[in-house]
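Feature annotations, courtesy of TrEMBL:
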type	residues	note
DOMAIN	1-63	domain 'N-terminal Ras-GEF'
DOMAIN	107-210	domain 'Ras-GEF'
Amino acid sequence: AKLKSFAAKIIQLLKEWTETFPYDFQDEKSMKELKEIAHRITQCDEENGTVKKIISQMTQNLLMAISARSQYQEIREKFRQPVTDKGTILKTKPQSTQKDILSVCCDPLILAQQLTYIELERVSNIYPEDLMQIVSHMDSLDNHKCRGDVTKTYNLEAYDNWFNCLSMLVATEICRVVKKKQRTRMVEFFIDVARECFNIGNFNSMMAII
């Protein structure tokens, strides 16, 4: 009875660990250790197989979480291309195909909502271990230690890059307008977008626009 009670507590611990920090088990060594612990716990309940089912479901959910994150990182890598001369690209395009943002979306509320959707997508892919990785890396720098195996925090980088991209988009849309009246209209439009972001609670996009 005591052994089963202990096994139940270990299962609960592993379940919460794998759900909260799935990235801890991405490397083969930690995954192997997890499977070894799971195998030992399973032996405590060989009669009805309840523990085995729970462990199997836990492992399956963990593998799905790791796979989803790996796919997201692969997509991010495909879009991480070296910076090119965007001015040259714009010059090669016909003037008729170069549209400003007002011709695409002239409603500040709708644009603010779309920006919020993007923010939520970026935030949803940030995991606790991403933040822990930064803290760990900063501690290692303070202690003058070399950490060559520091895991790249792709999701935090993506969130930071999104902020910079939005700021550059706003600046570009304003500066590319030649006439003063149109430029004033563009500035007022982005002020309205920032206000709508504030009303929604999307303060990150609001600050990027400002």
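In case you wondered, yes, glycine gets a Cβ from its N, Cα and C as well.
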- Message: Let's see if you can do this one: DSSP helix, strand and coil counts over the domain 'N-terminal Ras-GEF' (1-63), in that order.
- Response: 55 helix, 0 strand, 8 coil
- Query: Per DSSP, what is the residue tally for the domain 'Ras-GEF' (107-210) in helix, strand and coil?
  - Reply: 82 helix, 0 strand, 22 coil
